[in-house]
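This report concerns only the one structure given below.
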């Protein structure tokens, strides 16, 4: 059984100077615990602290394809921010309608809503390794995530790809998505360039960013990705 932990020990905080303040309100990283049988203990044993990877890149940069390779080889759980938002749209909820209109305008969905969807999926998972694909897309996203979770990601992948290549890929994938048309793609790329660069630079300065050349075959690109995760000595999934 997964449970939210209120203890703030063994956690990595984004702002160490505010640890004591945050401890008072239990604003901490989303840790998980497994319940010990009552006959043996009445307490809870902490499981592994979640390992979070942000996966950044413009639409058509190939990050989704590479996420599938990481899942296959290292056993991560892939959480696509875009897919979670599209699922909410399909539910025809009030949030879904708002999300649809926001995407059509090429704007960024409110941070708190996207984080709520991500957090829900993490709480439902029994894994501790997560790829958060397509988030954060702005400094507002980044700050909101760190404030809500009380911690930074462990790794940030940035897939760097020329704009003309990304446009070509998105138009060719033909997935029937509402945002896969030339006008919306150009809006998305413009917004991405303006808002995502500060996020990339922030994590570059933190020493967490791994820049991946997004041009090449899937296997050629993955040769750059694989060493990032093998360096953390994750057990590779046997096929």
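A Cβ is built for glycine as well, from the same backbone N, Cα and C atoms used for every other residue.
A quick note: this is a predicted structure, and the numbers were derived from the prediction, not measured.
Listed in TrEMBL:
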- 60, 61, 62, 63, 64, 65, 173, 216: ATP binding site (BINDING)
- 86, 107, 108, 109, 134, 135, 136, 137, 177, 188: ribonucleoside 5'-phosphate binding site (BINDING)
- 141: CMP binding site (BINDING)
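What TrEMBL annotates, mapped onto the structure for a quick look.
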residue : record                                   : Cβ contacts under 8 Å, 6 or more apart
60      : ATP binding site                         : 161, 165, 166, 167, 168, 169, 170, 173, 185
61      : ATP binding site                         : 159, 160, 161, 166, 214
62      : ATP binding site                         : 159, 161, 169, 214, 218, 221
64      : ATP binding site                         : 80, 133
65      : ATP binding site                         : 218
108     : ribonucleoside 5'-phosphate binding site : 102, 137, 138, 140, 141, 191, 195
134     : ribonucleoside 5'-phosphate binding site : 55, 56, 63, 80, 81, 82
136     : ribonucleoside 5'-phosphate binding site : 54, 56, 111, 142, 144, 145, 199
216     : ATP binding site                         : none
Please give the ATP site's span as the largest CA-CA distance among 60, 61, 62, 63, 64, 65, 173, 216, to the nearest whole angstrom.
16
Here are some binding-site residues: 63, 86, 173. Which one has the most Cβ atoms within 10 Å of its Cβ?
63
